[in-house]
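**Q** I grabbed these lines from Swiss-Prot:
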type	residues	note
MOD_RES	73	glutamine amide
SIGNAL	1-26	signal peptide
């Protein structure tokens, strides 16, 4: 029972990490009347500390809830 709770917790952490991952936006910058030579620029704005804080807060709440339920059953 404890192993399944641990696996569930890890699965939820992975899902939260994927869902709240920062989006990267790629833009192609070129003049409409340009020659065959083009210019492309990829811009990404991400704050890794914000993701870590969000995931860690959610993980703490989840682990507390799971531990309380496991302790009540055991």
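Cβ from N, Cα, C; glycine included.
For each feature listed, report its degree of burial, its nearest neighbours and the pertinent distances within the displayed model.
**A** Residue 73 (glutamine amide) carries a helical DSSP state (H, G or I).
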**Q** Note down the number of other Cβ atoms within 10 Å of the Cβ of residue 73 (glutamine amide), including every protein chain shown.
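**A** Around the Cβ of residue 73 (glutamine amide), 9 other Cβ atoms lie within 10 Å.
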